[in-house]
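Read through the structure below, which is laid out as structure tokens, and then see the notes.
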Amino acid sequence: MKTDILQVDPSRIGEITTSATTDSPLDNWDIKWAVGTPDLENLQRAATELRTTSIPVAFPTETVYGLGADATRSAAVRGIFQAKKRPVDNPLIVHFYSLQQLRTLLQPTDGEDPIPAIYKPLIQKFWPGPLTIILPNPAGSVLAPEVTAGLQTFGARMPRSLLALCLIKLAGVPLAAPSANASTRPSPTAAEHVKDDLDGRIQTILDGGPCEVGVESTVVDGLSSPPSILRPGGITLEQLRQCPGWENVVVGYKDKPEQGIQPRAPGMKYRHYSPKATVALYEAGAGQPDLATMLGYVGRTSRIGIIRTKLWKPACGLPVLDGSKNIEIWEIDLGAATAGVARGLFSALRELDKHNVDAIFVEGVDDTEGDIATAVMNRLRKAAEVRI
């Protein structure tokens, strides 16, 4: 199967319009399409593939690139699991372009809003955006059973990416979409990352440029009491606690794979985010490795990768090597800003993999402040074989 990368500039798709009769532009919206542009034509081609084939399409969101398929057709959803080699008990998040589309799937009765009231403050504040909410799957649901992996609930999200929203709207169906990587690999934040993992397994990758956030959406369960976070992500604990009804939200996940459980959300059970090389994670404040420590992990003939953030010195302060030690070092500086670390983390892991390093030493960040560092360290702890 030939895999094509199609360029789509979100600024050349069209101009969003909203109906004056709706209470919120999220309820429903329309767009004046930029007819005749190659960007819109590429988007329409991908939407046609989603409607008429069972081969998933990769597309960018503000978090990471997703691998989308019609969430209402089993054959299409199975295509996601096959392309990623994803375990079938790992549920998928369903993406919607409007609240009206979501409400239709939830099958409202007697004029009542089928979206639980606990989620209203979150939707008003964070949608469209990097937040997934857990909802009851209605009796007789149109969702393919593979989406929920046997659960009575499903995760729903409205992405902030205009490209993603327009793709869902053109496809005319909700899209089930995990990250567009091979299972266990670092999530893709650029089209070439998808190509590296899924070349020959899918037909189309929409290239809308690098992702804005760089880590996946936060997943929350408001059906439990108290409400809980099932996966940290682009919306932080402190942001959630500022919303009515979410002041006492609790952490419902662990920073390591939870074997032997039925995962309630993606990212809970299996090893994720891992490059090919061994990852040694240094927690914030743990200092930096010296050469002897590095060689203890990788041996005397070594290719070493370093990802530093706030405090480590360049090359961890190692002296310039004269070539006699048969050691090569590559390093990537993600900078001191936590948002920049989040945006560049997965790309850095993939870049060092391309250099065929034997081990990657990563400088962690302080995740005690309730910001996006929590999501960064969650991903790193799941990727790391060694934590210091």
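The backbone N, Cα and C atoms fix where each Cβ goes, and this holds for glycine too.
For Tyr273 (ATP binding site), the same-chain residues lying six or more positions away in sequence with a CB closer than 8 A to its CB are Thr184, Arg185, Pro186, Ser187, Phe346, Leu349, Arg379, Leu380, Lys382, Ala383. According to TrEMBL, the ATP binding site annotation covers Thr63, Arg86, Asn90, Thr153, Ser179, Ser187, Arg231, Tyr273.
Look at TrEMBL and you will find His95, Arg157, Ala177, Ser217 tagged as L-threonine binding site. Counted within 10 Å of its Cβ, the other Cβ atoms near Ser217 (L-threonine binding site) come to 30, all protein chains included.
The annotation domain 'YrdC-like' is assigned in TrEMBL to 40-235.
The binding-site residues considered are Arg86, His95, Arg157, Arg231; of these, Arg86 has the fewest other C-beta atoms within 10 angstroms of its C-beta. His95 (L-threonine binding site) and Arg231 (ATP binding site) are 17 Å apart (CA-CA, integer value).
Take Thr63, Arg86, Asn90, Thr153, Ser179, Ser187, Arg231, Tyr273, the residues named in the record as contacts for ATP: the widest Cα to Cα gap among them comes to 25 Å. Most Cβ neighbours within 10 Å among the binding-site residues Thr63, Thr153: this distinction goes to Thr63. Here the C-alpha separation of Thr153 (ATP binding site) and Ser217 (L-threonine binding site) works out to 17 Å.
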